[in-house]
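**Q** Structure in structure tokens, see below.
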Amino acid sequence: MGRLVAVGLLGIALALLGERLLALRNRLKASREVESVDLPHCHLIKGIEAGSEDIDILPNGLAFFSVGLKFPGLHSFAPDKPGGILMMDLKEEKPRARELRISRGFDLASFNPHGISTFIDNDDTVYLFVVNHPEFKNTVEIFKFEEAENSLLHLKTVKHELLPSVNDITAVGPAHFYATNDHYFSDPFLKYLETYLNLHWANVVYYSPNEVKVVAEGFDSANGINISPDDKYIYVADILAHEIHVLEKHTNMNLTQLKVLELDTLVDNLSIDPSSGDIWVGCHPNGQKLFVYDPNNPPSSEVLRIQNILSEKPTVTTVYANNGSVLQGSSVASVYDGKLLIGTLYHRALYCEL
């Protein structure tokens, strides 16, 4: 009798494990292949060889790139090279990427930038917020951009127990931001277990020098985050749920969910066209290829444009898609004055004229 019980329990456990594995494959879109959608005027950006995970563009056309992300479980084309911040002036006739100098005293050797966001203060001071994973830990670095010197002055490192697994950030003040935690845990094994069991413990945190609080939760894996041009709404990408959440921002900085847009791809970073309010999304058609890297079958890329997200039927357009032959693992797409920049987790970056 005891053996029958043991065999029965083992069978139940194996069935549950199998069901979770199948569910994870579905969340990763492991069987999906993408059909190419080409743009006619594109070229790879020289100097970006090992990823440009996030991009943010100032109103004057200066674009910031976070490059060189290393992440447990992800491939890297430059595993021994520290990350950095590059800048490109999109108003130039032939824009090129230049690395920004960072002030002395900042630990460049362990710099591992992830999501980024800019904020322009009332006195026109530009702040750059960078999610950083030094030695795979979690901090938010706040810099002052000094345009005349093409440099970043490090102002502050933010660490907090409510920021255990930071992915992306959107700045709403000189030392104020919303950030996504893609996991509840910081330990790599517990992160994997959390993902495997589909616990939906990821969240969004509001940070200010005087208050830190969870303002939205229940996400599978909260990823990209951004704010509408009128500052009324926060958009959050839930990458493994294939969703974009629209949340209303209140005066106390709390968030209330208004709607969820379901998509058929893994949504990564979100960029906003300030002139139209359109959301541009860097997507992963097949997430399994990201984590099990095969140079003969590389991860594909996909860029979506979402118009009128607050309406009953938003318009979703595939602007660009590639099977990995040109661009692998697109994570962000940002537009400025008819120009499109597409960044990746660990591959190249693309410049296109629309």
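Numbers run from 1 along the shown chain.
Any Cβ shown, glycine's included, is placed from N, Cα and C.
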**Q** Which of these, E49, E53, E353, does Swiss-Prot say binds Ca(2+) 1 at the same site as N167, N223, D268, N269?
**A** E53
**Q** Among I102, I116, I120, which is the one Swiss-Prot gives for the Ca(2+) 2 site where D54, D168 also bind?
**A** I116
**Q** Where the distance is taken from Cα to Cα, which of the recorded positions D168, N254, N323 turns out closest to E53 (Ca(2+) 1 binding site)?
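**A** Result for E53 (Ca(2+) 1 binding site): the nearest of the recorded positions is D168.
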**Q** Among H114, N254, C352, these being the recorded positions, pick the one whose CA is nearest to that of N167 (Ca(2+) 1 binding site).
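**A** Comparing Cα positions, the candidate nearest N167 (Ca(2+) 1 binding site) turns out to be H114.
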**Q** For the recorded Ca(2+) 2 site, whose residues are D54, I116, D168, find every other residue on that chain with a C-beta no more than 8 angstroms from the centre of their C-beta atoms, and list them by sequence position.
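**A** Here the non-site neighbours turn out to be E53, I55, D56, S66, P113, H114, G115, S117, V130, V131, I169, G224, N269, V332.
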**Q** Going by Cα-Cα distance, pick out whichever of the recorded positions D54, H114, N323, C352 is nearest to N269 (Ca(2+) 1 binding site).
**A** D54
**Q** Among the recorded positions C42, I116, C352, whose Cβ has the fewest other Cβ atoms within 10 Å?
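**A** Among the recorded positions C42, I116, C352, the lowest count of other Cβ atoms within 10 Å belongs to C42.
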**Q** What is the nearest of the recorded positions C42, D54, H114, N254 to D268 (Ca(2+) 1 binding site), using the Cα of each?
**A** D54
